[in-house]
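The structure appears below as structure tokens.
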Amino acid sequence: MISFQLYLYVAIFILSGLRTLALDKFTAAVYEHPVILANATLEPVSPEDAVALMNKNMDALEVAIKRAAEQGSHIIVTPEDGIYGFRFTRKTIYPYLEDIPDPEENWIPCTDPDRFGPAPVQGRLSCLARKNSIYVVANIGDKKSCHSNDSACPSDGHYQYNTNVVFDSEGKLVARYHKFNLFTFETTIFDYPKEPEFVTFNTPFGKFGIFTCFDILFHDPAVVLVSKFQVDTILFPTAWMNVLPHLTAIEFHSAWAMGMGVNFLSANTHNTSSDMTGSGIYAPTGPRAYHYDMETENGHLVIAELNSHPRLSPTYSGAVNWSAYASTVERFLSEEQDFTGMIFYDEFTFTEITKHEGNYTICQRDLCCHLSYRVAEKREDEMYVLGAFDGLHVVEGQYYLQICTLVKCRSTNLTTCGEPVTTAQTTFESFSLSGTFGTSYVFPEVLLSGIHLAPGEFQILSDGRLVSENGTSKPVLTVTLFGRVYEKDGSTTSIPTNVPQHL
Ligand SMILES: *[C@@H]1O[C@H](CO)[C@@H](O)[C@H](O)[C@H]1NC(C)=O
Ligand SMILES: *[C@@H]1O[C@H](CO)[C@@H](O)[C@H](O)[C@H]1NC(C)=O
Ligand SMILES: *[C@@H]1O[C@H](CO)[C@@H](O)[C@H](O)[C@H]1NC(C)=O
Ligand SMILES: *[C@@H]1O[C@H](CO)[C@@H](O)[C@H](O)[C@H]1NC(C)=O
Ligand SMILES: *[C@@H]1O[C@H](CO)[C@@H](O)[C@H](O)[C@H]1NC(C)=O
Ligand SMILES: *[C@@H]1O[C@H](CO)[C@@H](O)[C@H](O)[C@H]1NC(C)=O
């Protein structure tokens with residue numbers, strides 16, 4: 001009797017010890033989901049119809065969650081809009097929303113489903129996490145009623161938020177994040193919180209922070225989670241529409257991980273007609289696994305191992321002074337004429353790359369960009385330019401950029417430089433790109449022919465150079481240093497906090 005109790009005690013002690021044991025590495029999963037959309041309607045559907053549609057999407061998430069858990073994943077991220085879809089108005093999304101309580105309530109919806117009123121979506125997600133013993137990250141909608149004594153309370157009497165939730169491996173709600181930087185049309189559907197929320201939680205495999213899609217372009221909360229809260233890994237549900245050459249999902253999200261020195265788990269919605277594809281598991285030293293598919297309408301599960309504390313890893317190089325090299329070298333002179341061209345509504349200054357090797361400098365305002373390179377062969381049928389942009393971007397959001405970019409033109413006509421192009425044939429044997437950046441937030445991008453990343457094929461030196469000594473495995477579409485100057489976004493960009501966001 002006594003010895004049995006002792007064994008039991010020891011067994012429980014070991015088990016609970018194992019559970020809290022710190023892990024140096026963990027396995028992450030992200031699921032790119034082809035979301036099943038509700039039919040666009042003018043009037044809200046019934047709560048039953050809303051749950052039925054969301055259950056169809058959760059059926060697919062369930063398959064992915066089970067497979068991820070079977071393959072040893074500790075956490076899985078699913079996409080923004082992955083459960084209710086898109087094509088809503090403020091009114092028609094309402095039946096899809098649930099009241100999501102504060103995680104401080106220590107709520108396990110799976111075992112206590114009715115504690116805060118009807119919550120079938122939270123209940124099911126919690127059970128998926130608990131039954132498969134895996135952290136589940138999902139994007140759902142939160143509603144919070146408000147009173148007319150709150151001057152910001154919308155006239156329909158409640159706030160509604162685009163919300164990420166995290167359930168731990170026992171099914172407990174451990175994080176709730178309300179999206180702060182709503183994308184254009186979303187402001188007619190959702191409210192944003194009065195202050196940005198900095199949502200973090202600890203696990204045996206590191207400290208996590210969370211934000212959503214368009215948030216990645218702004219300082220709050222994204223940068224603060226890394227610089228102040230020192231998270232190890234960012235969880236990032238997104239419904240990202242790719243924009244070439246600088247803002248495709250895999251390219252920009254992997255660059256953010258590298259520029260900020262964090263792990264980044266990005267799960268995109270899959271819809272090729274909306275250019276939505278590109279999910280990945282990115283470490284500061286480069287992508288660990290990613291998925292990009294414009295050929296099919298299928299979902300896809302990505303799984304990879306990561307360091308729990310990437311900044312402690314011996315291969316992590318630490319702080320970069322992004323202007324150190326560029327501000328000390330002489331301007332390279334060339335005979336080529338500068339000219340201007342547009343990249344995603346921004347007017348760049350370009351200079352053509354004409355030789356099989358060389359050194360070029362191009363400047364705009366305070367930014368000078370230097371490129372040294374060698375190509376195997378300077379082809380007659382392809383044209384590349386070096387470009388600089390130092391200015392305020394104002395279309396689909398307002399944000400100040402400093403960008404140095406080597407980019408392939410769509411054709412050999414100079415007027416096509418900066419237009420989207422997906423294939424190339426020019427192989428670079430080496431390159432080095434740097435710029436006189438006035439910011440410490442620079443995201444290094446290398447995108448190859450066919451929309452591929454270049455893991456391990458380039459590196460960032462502490463003096464701010466993006467270098468590839470032995471070239472890349474495929475021809476180059478673009479090599480870019482994408483800088484953000486948050487303090488110049490301008491007073492007109494700061495979102496008014498007391499204006500109801502429904503139209
Ligand atoms: C949308 O409408 C079509 C045609 O009425 C119907 O077949 C389909 O099931 C509907 N889809 C959903 C998600 O309700
Ligand atoms: C607003 O009114 C509600 C209901 O009467 C009350 O519970 C709440 O405390 C009030 N809030 C403020 C800020 O006065
Ligand atoms: C993709 O999204 C669009 C709306 O943006 C929709 O019309 C289309 O049906 C979606 N495709 C699929 C396969 O669901
Ligand atoms: C970066 O390097 C430049 C050039 O050496 C130097 O002037 C500048 O102070 C450095 N910046 C930081 C933040 O260390
Ligand atoms: C480019 O610059 C480097 C370093 O200043 C120099 O060694 C090299 O000869 C230059 N190459 C060309 C083709 O001018
Ligand atoms: C380049 O494209 C522009 C705009 O389409 C056109 O006007 C021009 O004639 C083209 N130049 C050549 C050399 O084809």
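Note: Cβ is positioned from N, Cα and C throughout, glycine not excepted.
Automated prediction, rather than curation, is the source of TrEMBL annotations.
Residues or ranges marked as domain 'CN hydrolase' by TrEMBL: 35-308.
Look at TrEMBL and you will find Glu80 tagged as active site, proton acceptor. The 10 Å shell around the Cβ of Glu80 (active site, proton acceptor) contains 25 further Cβ atoms across the protein chains shown.
Taken from TrEMBL, the feature active site, proton donor covers Lys179. Residues within less than 8 Å, Cβ to Cβ, of Lys179 (active site, proton donor) and separated from it by at least 6 positions along the same chain comprise Tyr161, Asn162, Thr163, Asn164, Glu186, Phe190, Tyr192, Phe211, Thr212, Cys213, Phe214, Asp215.
Under the heading active site, nucleophile, TrEMBL lists Cys213. Other C-beta atoms found within 10 angstroms of the C-beta of Cys213 (active site, nucleophile) number 26, with every protein chain shown included.
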